[in-house]
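> Taken from TrEMBL, the feature region 'Disordered' applies to 1-112. Annotation source TrEMBL lists compositional bias 'Basic and acidic residues' at 76-89. The compositional bias 'Basic residues' annotation in TrEMBL covers 90-100. Annotated transmembrane segment per TrEMBL: 142-166, 178-198, 210-236, 242-260, 272-294, 300-318, 384-409, 429-452, 483-501, 513-533, 545-567, 573-594, in sequence order. Annotation comment: TrEMBL describes 144-598 as domain 'Major facilitator superfamily (MFS) profile'.
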Amino acid sequence: MGDKFEKVDAAQTGSTESNDARPTDSSYKNIALSKEPDITAVGAPCSNSEDILETIMRGRQSSRHSRTSGSSLDSHQTEHDNEAHDHQVPPRRTRSRPRSSSRSVRPDAIKVPRSERRGMLARFCIFAEVTEPYDYTRPKKWMITFIIACAGAVAPMGSSLILPALRDIEATFKVDETVVNLSVALYMLSMSIFPLWWSSFSETLGRRNIYLASFMLFVVFNVVSAVSTDIAMFIVMRCLSGGAAASVQAVGAGTVADIWEVKERGRAMGIFYLGPLCGPLLSPIIGGALAQSLGWRSTQWFLAIFGACLCILLVFCLPETLRRRKPMAAIAEAEVEATINDQDEKTGAGRPALTRTATKQSVRVKTRKYWVMLRRAFIDPLRIVLYLRFPAVAVCIYYSTVTFASLYVLNISVQMTFSVAPYNYSSTIVGLLYLPNSLGYFLSSIFGGRWVDAIMAREARNAGRYDENGKLMYRPEDRMRENAWIGAILWPAAIITYGWTAQYGVNTAGPMIANFFFGVGSMLIFAMATTMLTEFMPRKASNGVALNNFVRNIFSCVGTIVASPLVNAIGNGALFTIIGAVALVSGILTILAMKRFGPRWRVGMDEKMEAAMGD
């Protein structure tokens, strides 16, 4: 984005922080940690956090700031306003709002001129980009949320669209069902890995660029999948298409967090997850009808057409919501300069003539800058697995993973069980059998998010947690109340019921009713765990979502591979009894642990994360 936008954005942020005490030169260096508000202690997400390398720049180049004393106050304000932060956490906002919360009057959004909008083909976007995404009107917020939900449906839709057609693919390529299941399993594996880099790239390239680039690749890979001549070509193209569409898994939740404040985010996140969670359940219905009428290749053409339609929708209706990008080249150069200065200080090298210093420094910086850029873009994203050392993060991800992996084992079981005796249903009917799950997800998403928001507000009121402006102060562990107990008991009981009714060939209504309640209960857990994760690590929320996807999709991949052999070996009843028992124990222990240890884990978690990750 151009300089003009940075000035407008800084001016607006500055105006919202006019009531804060202006830091002095001597105290400014440490203001990030001393004034960093916890997302759980305010009514809206906030961040005064510092980027890793901007911290280095302030620490290593403080002498440069002191030489600009004539404009020191302005420079400090500019630096403060432009602090980099996690792209899911908006800058701190301290303007006073009434406690009527979501429907209070907002200031008019400051629009960015069309010529200065960020992202590919941004001038064609109907919705104007604004300097503060919170100030979008509610209809625009819901429209953006709906678009992201549709985009989020694509990746999981691709994983299950071919489920009713697996036997047709076996016949076409003359392979057994285990090999064909690899096309589903490796698709899930790519969905777990690629979001790590999509999330990293979105911080420097912006959300809009990532969405458009990934979906254009998705269209290309699905076209090649549709014309595959052997199973190896088909599996590879499926794997690449899954990785391309997986961008929304990490970046989509960030877009929702960009535009919705925390007090409204539960409902918005529930609507967003309608896409990723209904995708794998609605798509078999479409896939079954297409496979039976036009052949299995039509499923891949359908994905390509759907991806192309979404590209058009993204071009015209999705503005950039990332508040500011991180300039990778400048940050890499600053890191190299700081490292070189450290090395020179440790070796005690004397300072030569100015011109020689400038030339030598320039050569050393340029030769190392590009390596640092490559490292930051491709290697550093893998460091997010280190966040699993924090109990709150590990517990949320573990419970989400158990629930998500169970879904894909169930998907394989439905296809295997109802396409053979005693049911012997066609591909179309098998696809329709995924509809009860979808209905459960839909109802839980519509009403569950609003319910959780009400629970959080109730807990905050009962505890008397109000800030100086009279706004409620929310805490992530407040999301685990009666809703968590209902979800933790409902979906394990439902999946056990499905297993035994399916094994004994009970009337189809029996297992389908069980699947409906599985959808209701598991959706309560999905939305709750993911939203809690973003709130436990507000300044690293995008990394938290990417890590959650990484872990749960790996186990979903494993579940997809082992589901068929396990069903054949021990049957649906025993398999889903084991899964249900593990899920029930996991849910109870998770809720109890969060109730007892959640506040302790939350306090000071940001600072501990920075120390552990080397930030």
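Cβ coordinates come from backbone N, Cα and C, glycine included.
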> Can we call the transmembrane segment (300-318) and the transmembrane segment (210-236) in contact, meaning three or more C-beta pairs below 8 angstroms at a sequence separation of 6+?
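In contact, yes.
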> Within the same chain, where does the transmembrane segment (573-594) have neighbours whose Cβ lies under 8 angstroms from its own Cβ atoms, ignoring anything closer than 6 residues to its ends? I mean 6 or more beyond.
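For the transmembrane segment (573-594), the nonlocal Cβ contacts are 391-392, 395, 398-399, 402-403, 406, 409-410, 413, 477, 480, 484-485, 487-489, 491-493, 495-496, 498-500, 502-504, 525, 566-567.
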> Which stretch, 384-409, 429-452, 483-501, tops the Cβ pairs under 8 Å count with the transmembrane segment (272-294)?
429-452
> If I count Cβ-Cβ pairs under 8 A between the transmembrane segment (384-409) and each of 210-236, 242-260, 429-452, 545-567, which range comes out on top?
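Between the candidates 210-236, 242-260, 429-452, 545-567, the best contact partner of the transmembrane segment (384-409) is 545-567.
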> Where, among 210-236, 242-260, 429-452, do we find the most CB pairs under 8 A to the transmembrane segment (545-567)?
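Out of the listed stretches, 242-260 contacts the transmembrane segment (545-567) most.
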> Over the domain 'Major facilitator superfamily (MFS) profile' (144-598), work out the mean pLDDT and round it to an integer.
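A mean pLDDT of 84 is what the model gives the domain 'Major facilitator superfamily (MFS) profile' (144-598).
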> Against which stretches of its own chain does the transmembrane segment (242-260) lie, if we need a Cβ under 8 Å and a gap of at least six residues from its ends?
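Sequence-remote neighbours of the transmembrane segment (242-260) are 45, 87-90, 133-134, 136, 141, 144-145, 148-149, 151-152, 154-155, 158-159, 186-196, 198-199, 202, 207, 210-211, 214-215, 217-218, 221, 268-269, 272, 275-276, 307, 321-323, 530, 534, 541-542, 545-546, 549.
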